Amino acid sequence: MGALEDVAESRAAETGEDRKEEKTEEEKIEEKEEEKKRTEGGGDADEVVVVVDSSDHQNHQRRELTAAATATATAATAATATVSRLHAQHPVPPIQVVSSAASASAYPPITPTPPQAALVSLNSRAYTNRLSLFLFALHQVAAAAAVAFFVFKAIQGVLDPDSPKARREKRVLRFWLPPIEGAAAVSIILAFAWQKAVRTWPSFMVTFILWSSFAFTMAAGVLLLCFSLPATAGIGVALILFSIGTGLYTCWVTRRIPFTARVFSRALLPAAKFEDLNGPAYLMVGLGFLWISVWCLGVIGALNFYYPALTIIALVLSLMWTAEVMRNVTNLTVSRVVALYYLRGMQSSTQFSFQRAVSRNLGSACLGSLFVPTIEALRILARGLNLLEGEDEFMFSCAHCCLHVMESVFRYGNSWAFVHIAAYGRGFVAASQSTWGLFERQGMEELVDSDITSSVCFLTGVCSGAICTIFAASWTFATHKHYTATASLLAFFVGYLMTRIGMALPQACVACYYVCFAENPSPRLFDSTIPDRLVTIRTGREAMVTTPRFPRRISTA
């Protein structure tokens, strides 16, 4: 059998080799024909047939399906264990089907939340108090023309060598003008020295300013009395009387000093976040110095004009209004920057706020500059009459009449209005009503009536005026005694005005602190200073004599 198999295999091998040779020959012939077809541009693409063993592919699929089934079973087992563990820890009550009537009685209806009120626009484009703006512009043009004319007259008189007017004006230029200019320069230094001191040491400076106003006015009055001149003696007596009144006022408000110092310290915190916030004050003080210098030359020319006394009084009133407008422009600029920080959390541009103050809100600044000094004078008068009120029927009637006037004045015109003028672009009267309405809703009328921060800023100007008076009076008395009284008066006036412009920043910060707290007493920006003070006032734990907005009711029981 083995031999037969070997013989068969050898024959099959030989047959296969013969077939391979034949096949190779046939393949050679076919390749030649295909090359011939390609050269002729013809020929068809060969088809390639791939045969795959289906049994291996099916085994691979079965293995994949088995692995997937095993993973699914494992995951299901783990999920079942987790669910059972959660059921054991937090058993879930069975689902209950409740009717619609029962569900309506069990749960109250949902009230839709009302939409929030739209915020008041902070970018009003309207010009406020246009009539006041027109009157101030007309006044400023007239004042500039008058001052220019009087300066021309002064120069013309000086250039005339033979006339007695020329000799008089030369004496004025030589002995009267330099002390006034020196007092103006001293007042600029004092203005920013007071402001810097108040911002750095508010607790100390409140007490220091109150007692310094008493000391400096007393010193100025005594100095003028020592000159033994009739005119200086009268001014000296007036300063001494004012000093005594200031001392009594300081003793009267001693209990309020700690609270005022704390208000200054808290209100001036936002000012430290704006490095250029003092820029408008610098600019206004510089413009004020230039205008006062030219104005003094105009006063010299007015001495030789018709009715010199009335002319100089008109120039003084014009200077007062102009300086007050400069102060309130600074006030509006600072008020807008600080108010937007409190009300919206914004860091407003100081330059943009200043542009609004000198354009769109300038009319309100002009109107407020006329009313606010009058309001402050009435406030002081009302406090004085309130202290003097007693058994005298006449004084009793005067006190109640003045208090009724104060009620109307404070509702339609007050110094707090500058905050809403700057923030919302309202007119002076509308802003006064809105700010006072906020104080009434928060029950803060008595608190703001007893505020002495405005008095502290006022007495700061008085201190500077007294120091400038001492400076100018000593200089003038040493050079030309005849001009001592007028130089002293004008130096006091200039020192007061320049310092008030510089102190506009802390006063505006305090006003924003009160008004913005009344509008939005957020604990994020305000501490418990004002609420604690209100509780103290309402509970009567601190005795204070305030300026009541309404007459006190006399009980008949």
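Including glycine, each Cβ sits where the backbone N, Cα and C put it.
Curation does not apply to TrEMBL; its annotations are automatic.
According to TrEMBL, the feature transmembrane segment maps to residues 483-499, out of the candidate ranges 483-499, 500-516. Within the chain, the transmembrane segment (231-252) has long-range Cβ neighbours (under 8 A, six or more residues past its boundaries) at 210-211, 213-215, 217-218, 220-225, 455, 459, 462, 466, 469, 473, 484-486, 488-489, 545.
Sequence-remote contacts of a segment are chain residues at least 6 beyond its ends whose Cβ falls under 8 Å from one of its Cβ atoms, and for the transmembrane segment (281-300) they are 146-148, 150-151, 154, 169, 172-173, 176-177, 180-181, 184-185, 188, 191-192, 195, 312, 315, 319, 322-323, 326-327, 329-330, 490, 494, 497-498, 501-502, 504-505.
Sequence-distant contacts of the transmembrane segment (206-225) (same chain, six or more residues past either end, CB-CB distance under 8 Å): 194, 198, 232-233, 235-240, 242-243, 246-247, 249-250, 253, 257, 260-261, 264, 456, 459-460, 462-463, 466-467, 469-470, 473-474, 484-485, 488, 492.
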